[in-house]
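Chemist: Got a structure for you, written out below as C-alpha cells; questions coming shortly.
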Amino acid sequence: MLKSRKENNASTVAQFILLGFSDLPNLQGFLFGMFSLVYIIILIGNSSIIVLTRIDPALQKPMYFFLANFSSLEVCYVSVTLPRILYNIGTQNRNISKLACATQTCFFLILGATECFLLAVMSYDRYVAICNPLHYPLIMNPMKCNQLAAGSWLGGMPFQVAQTCQIFSLRFCNSNRINHFFCDLPPILKLACGDTSVNELSVYLVTIIIATVPFMLILASYSKIIATILKLPTATGRAKAFSTCSSHLLVVFLFFGSATVTYLRPKSTHSPGTDKLFSLFYTIVTPMFNPLIYSLRNKDVIAALRK
C-alpha cells in the first residue's frame, strides 16, 4: 500500500527545484554580478566575431564562415543556462516545471552535440587547407560549407530529443531537488526511481556517438596536419600553419576534456560539487574565452578589429 502511494506521488511530480548555488547564501549578490558580467562578455565577444566575419572582405573564407557559426552556437549554448541561473539567483525562486526542465535539457544536449560536430568540421577545413591546398577552393565551396554547417546543427537532434524523452518519462521518487544550476542528465538520473542502468548505458552510448567519434576524427585530421606541417620547407611556413591550428586545438581540448569527464566517468564518482565545477567550465568559462583564443591568435581577426 505504501509502495503504491509512493509510486503515485512520484508520477505526479510537476516541478523540480534547482538548488544551484543556494549553499552559498552570503555570495548571492556577488554571483549575480559575476554571472551577469560573464554573460555580457560572452555576448559581446562572440557577436563581434560574427559581425567581423560578415563585413570584412578578408574574412570571407570557409574558415571564418565556420568560426561565425561557432560563435553563434556559443551565444545559443550559454543562453540555455545563464539566464536561468541569473533568474534563480535574482528572484531566489528556484522552482522549474518538469516541461521547462526537459526543454532546457533538450536544447542543451542538442547544442552540445552541435559543438562536437562543428569542431570536427572546423578541423576538416584546416586539414583540407593545409594538406590539400590546391583543391581547397574546390572542395570547400560555398554549397559544401553550408551542408557541413547544417549537418552540424541538425545532426545530433534525433539522438538528443529521443534521449530527453526517455529520461523525462521516468518516475522521480527520490526527490525533486536537483543539486545543480541547470537541468543536466547526471543529477536528474539520481532522482529517478528504481534501476536506471539502462538509461545510464544510453547516455554513455549517445555520448560515444556524439562526442567520441568527432573527437577521434579531429585527432585523425590533426595527426595528418602536423605531419604535413613538419614537411614544410621554411620555418615561417611551419609557424604560420601551427598558429592557425593551435587556437582550434586549444578550444577542442578545453571543451572535450571537461565534457568527457562529466558524462563518461562512473556514476559512483559523481559528486554535486565536482559536477558543478566541470559544468561551469564547459558551459560558461569556455564560451567566454573562445573569442579571445580565436582573436588574439589570429592575425586576420586582429587586423579586422583594428579596421
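Every residue gets a Cβ built from N, Cα and C, even glycine.
I grabbed these lines from TrEMBL:
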DOMAIN    45-294  domain 'G-protein coupled receptors family 1 profile'
TRANSMEM  30-52  transmembrane segment
TRANSMEM  64-87  transmembrane segment
TRANSMEM  99-124  transmembrane segment
TRANSMEM  201-220  transmembrane segment
TRANSMEM  241-265  transmembrane segment
TRANSMEM  277-296  transmembrane segment
Chemist: Given the transmembrane segment (277-296), which of the listed stretches 30-52, 99-124, 201-220 has the most Cβ pairs that are under 8 Å apart from it?
Modeler: 30-52
Chemist: At a C-beta cut-off of under 8 Å, are there same-chain residues at least 6 beyond the transmembrane segment (99-124) that contact it? List them, or none.
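Modeler: Long-range Cβ neighbours of the transmembrane segment (99-124): 15-16, 63, 66-67, 69-70, 73, 76-77, 80-81, 84, 148-149, 151-153, 155-157, 159-161, 163-164, 167-168, 178, 182-185, 188, 210-211, 214-215, 217-218, 221-222, 248, 251-252, 255-256, 259, 283.
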Chemist: Would you mind giving the whole-number mean pLDDT across the domain 'G-protein coupled receptors family 1 profile' (45-294)?
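Modeler: It averages 86.
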